[in-house]
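Pulled from TrEMBL:
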type     : residues : note
REGION   : 1-41     : region 'Disordered'
COMPBIAS : 24-39    : compositional bias 'Polar residues'
REGION   : 63-128   : region 'Disordered'
TRANSMEM : 135-158  : transmembrane segment
DOMAIN   : 136-734  : domain 'Major facilitator superfamily (MFS) profile'
TRANSMEM : 178-197  : transmembrane segment
TRANSMEM : 202-223  : transmembrane segment
TRANSMEM : 235-254  : transmembrane segment
TRANSMEM : 261-282  : transmembrane segment
TRANSMEM : 288-310  : transmembrane segment
REGION   : 342-364  : region 'Disordered'
COMPBIAS : 346-358  : compositional bias 'Polar residues'
REGION   : 388-485  : region 'Disordered'
COMPBIAS : 396-406  : compositional bias 'Polar residues'
COMPBIAS : 416-431  : compositional bias 'Low complexity'
COMPBIAS : 446-470  : compositional bias 'Polar residues'
TRANSMEM : 527-551  : transmembrane segment
TRANSMEM : 571-595  : transmembrane segment
TRANSMEM : 616-637  : transmembrane segment
TRANSMEM : 643-667  : transmembrane segment
TRANSMEM : 679-699  : transmembrane segment
TRANSMEM : 711-733  : transmembrane segment
Amino acid sequence: MQRWRKSRAAPPAPSAPSLSSSPTTTISNEKDLNAQTRPKWNLGILNDKFTDEVPGSILLLSKPADHNEPLGLQNVPTRMSASPFPSPYPHSRPISRASSHPQPKRTEDGAIILDPQPDESPNDPLNWSSKRRDAALLSLGLYCMLGGGTTPILAAAFMDVSEAFHVSEPRVALTTGLYMMGLGVGSVITSPTAILFGKRTVYLVTAVLFILSTVWCALSPSFNSMLIARIVQGMAVSPVECLPSATIAEIFFLHERAYRLGIYTLLLLSGKNLIPLVSAIISESLGWRWIFWMLTIVIGLCLALLFLFVPETFWDRTPRPHHHKTKHDGGSRVSFASHFRRHQSNKSTQGVDGTSDPNAVPGFNLVLPASPGSIAHRRLNKDAHVGFATEEPPKSSGQDDPSPDSTVPPKDEEAAMSSTTHPAPSSSSRPLSPPRPILKIRSPRASGTSMKDTSSPMRSSILQSPVQSDQHSEKPHDPSQAPIGQGLSRYTSFYRSQPPKSFIASLKPYSGRLSQDSWFKVAFRPFILFLYPSILWSTVVYSLSIGWLIVLSESVSLVYRNHESYNFTAIQTGLVYISPFVGGVLGTAVAGKVSDFIVRFMARKNDGIYEPEFRLVMAIPVAITTGIGLMGFGWSAEEKNNWFVPTFFFGVISFGCSLGSTTAITFCVDSYRQYAGEALVTLNFAKNIFHGLVFSLFFANWLEHTGPKSVFLIVGGAQLACLVSTIPMYIYGKRARMWTVRKNFVEHF
């Protein structure tokens with residue numbers, strides 16, 4: 001682990017607050033403690049007034065392969081609901097005394113620690129063969145490519161559709177806007193359904209609906225029928241925007257995800273830019289209705305691939321407590337290794353200063369990690385290092401067990417911990433930082449005490465943690481009837497002890513209910529995230545980044561097929577999409593590299609602390625490229641410059657929009673990792689409804705009557721004005737994150 005050079009003597013570690021301390025007292029003590037060490041600003045970012053431990057901030061270590069410690073975990077509210085994504089926080093290591101895996105699992109060459117740690121069960125998706133997981137990725141990626149390209153599929157055929165149904169060409173733009181409305185509504189429906197009933201079921205059902213709605217589009221006798229069919233088609237395609245990222249996170253390890261997510265993003269982007277080109281060729285040679293007939297054939301092929309190669313990927317990886325019965329009280333010991341370090345304590349009713357605490361709960365000894373683990377303490381004690389506590393090794397039968405009220409760790413505990421994180425220091429070196437505390441809970445049954453106080457989020461999460469039962473019951477043959485054990489879902493509890501699924505068994509389209517949450521609560525949760533400033537900013541930028549590309553797809557036919565301008569054919573208009581395809585690929589490739597470089601540079605300047613707000617620096621190139629691209633496209637199109645000029649600016653817009661969408665997603669997810677699944681639904685809903693649908697209602701008519709020069713100058717100015725909000729978001733973003741943690745809107749719902 002990273003060590004910090006000592007610049008001055010570290011002050012004695014202050015006592016942690018007792019369990020009975022009020023939140024006001026705790027905040028006051030923390031504020032007084034860090035007043036001398038915490039600056040008001042860090043690289044232009046305002047720090048929180050009361051604490052340095054803000055969820056979303058990460059202590060980046062010097063070696064890329066080492067562990068990066070999330071900060072503020074004690075302030076993260078306990079998630080009481082299911083999520084489509086695996087837990088973003090470190091799992092408790094195998095810490096039971098009888099643990100059979102004292103060392104974390106690694107790759108075959110031993111170079112990388114696997115994250116998340118897979119179960120022993122062969123049914124765990126992480127234990128599938130690489131070929132099986134890559135086959136699932138490619139099958140799903142091809143389907144997403146098809147779904148993503150269906151949005152602008154009629155872009156080059158607007159004129160043909162208007163002539164077939166005798167409607168104005170600007171009105172044909174509604175086929176795109178209402179399709180996006182279906183995408184937005186569908187994501188709100190399919191996401192909670194996938195959480196509760198499984199992603200495989202949703203993929204298969206919506207793929208069948210995708211085929212039926214596409215046939216409907218091909219056979220539409222009227223324009224109104226076409227509009228309704230496009231709405232249904234959008235709802236059927238909606239899973240491709242909100243579920244594949246979660247599927248990839250479930251079947252690939254952390255060190256494998258970036259490459260696979262890049263493949264998924266590239267296929268999705270390719271569909272949005274290449275399928276309009278193919279549809280233009282089909283429209284000119286066979287007619288616009290054959291676009292949907294060809295699409296139906298390809299969807300049928302994708303449905304077969306989904307059915308054969310994309311099984312249910314759900315596996316419950318919720319971090320859960322471990323326990324061990326002692327000989328004295330039969331109670332349970334819960335060790336949250338990723339949050340605490342052992343703290344020496346002799347009596348359960350003693351305060352942190354060694355005196356008796358009359359307000360302490362009998363049988364409940366809890367010391368919260370305060371200043372020893374804070375950023376302020378790291379600044380004072382430059383030699384401090386971070387690590388994970390592990391349970392003491394089992395004692396021989398000849399040794400007496402410690403008292404149930406004792407939490408004194410054995411001498412070799414630190415060595416055991418160090419062996420899993422960094423090379424053990426020499427025996428002559430003294431401890432570099434005070435030990436972090438760990439909590440110990442005695443069973444209420446043993447003490448006869450009812451613990452129902454939930455005055456603090458941390459205490460509430462502890463009291464509601466399930467305790468593993470020691471009684472074994474007969475294993476059921478149906479996962480829907482399996483008991484819930486160790487805090488796991490019935491599905492995981494059943495299949496983790498079963499032999500490997502056969503290929504035929506994996507084809508089962510429905511695996512039972514995976515979560516017992518209320519469907520309506522899960523569906524409504526993404527809308528609550530609009531109250532979170534970081535997510536609201538991400539929503540605006542993401543909507544603009546994707547929305548301008550959709551707006552341009554509605555404008556391409558009006559600009560290039562106009563007899564008074566370029567008078568392109570359908571095929572020539574489709575070839576224009578090569579430019580945004582190249583720009584989008586370059587933007588996607590550059591965005592991650594440049595953003596990561598900026599983040600690492602700023603983290604080094606910030607004493608190794610990463611803040612999600614560092615991502616917002618990318619708003620500068622986003623503003624420059626999208627502003628120039630939008631204004632240049634409209635200006636050159638009205639001035640009737642060579643066709644290459646507006647086409648080049650189209651590519652510049654795509655490049656900038658790729659930077660913007662990547663920045664928005666990474667900032668959103670880094671700020672609220674525990675709500676990443678809901679946040680993706682929030683972003684896509686806003687993009688499809690507030691931008692895609694709303695702009696389709698007036699943009700084409702506005703462009704026809706005003707001209708591209710005035711329209712795109714205004715659009716470019718609006719883009720720049722919205723991106724100006726990045727400045728206050730950068731300055732106040734950290735305080736806003738901590739404000740939402742204190743309010744805890746989602747879990748209070």
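Quick reminder: no glycine exception, Cβ is built from N, Cα and C everywhere.
In this chain, the transmembrane segment (527-551) lies in contact with the transmembrane segment (679-699); the count of Cβ pairs under 8 Å, excluding pairs fewer than 6 apart in sequence, is at least 3. The largest share of C-beta pairs under 8 angstroms with the transmembrane segment (202-223) comes from 288-310, of the ranges 235-254, 288-310, 616-637, 643-667. Pairs of Cβ atoms less than 8 Å apart link the transmembrane segment (527-551) most often to 643-667, out of 288-310, 571-595, 643-667. Remote same-chain residues near the transmembrane segment (571-595) are listed as 155-156, 258, 262, 265-266, 269-270, 272-274, 276-281, 284, 549, 552, 556-557, 560-561, 615, 618, 621, 647-648, 650-659, 662-663, 666 (criterion: CB distance under 8 Å, separation of at least six residues from the stretch ends). Beyond the ends of the transmembrane segment (261-282), by six or more residues, the same chain brings 137-138, 140-142, 144-157, 240, 244-245, 248, 290-291, 294, 549, 553, 570-571, 573-575, 577-578, 580-581, 584-585, 588, 592, 654, 658 to within a C-beta distance below 8 angstroms of the stretch. Remote same-chain partners of the transmembrane segment (616-637), defined as residues 6 or more beyond its termini with a Cβ less than 8 Å from a stretch Cβ, comprise 541, 544-545, 548, 552, 559, 565, 591, 594-595, 598, 602, 645-646, 649-657, 659-660, 662-663, 667, 708-713, 715-716, 719-720, 723, 726, 729-730, 733. Between the transmembrane segment (235-254) and the transmembrane segment (643-667) there are fewer than 3 Cβ pairs closer than 8 Å, counting only residues 6 or more apart in sequence, so the two stretches are not in contact. Remote same-chain partners of the transmembrane segment (135-158), defined as residues 6 or more beyond its termini with a Cβ less than 8 Å from a stretch Cβ, comprise 169, 172-173, 175-176, 179-180, 183, 203, 207, 210, 233, 237, 239-241, 244, 247-248, 251-252, 260, 263-264, 267-277, 279-280, 283, 288, 291, 295, 298-299, 302, 305-306, 308-311, 313, 550, 553-554, 556-558, 561, 570-571, 573-574, 577. As a whole-number mean, the pLDDT of the domain 'Major facilitator superfamily (MFS) profile' (136-734) in this prediction is 76.
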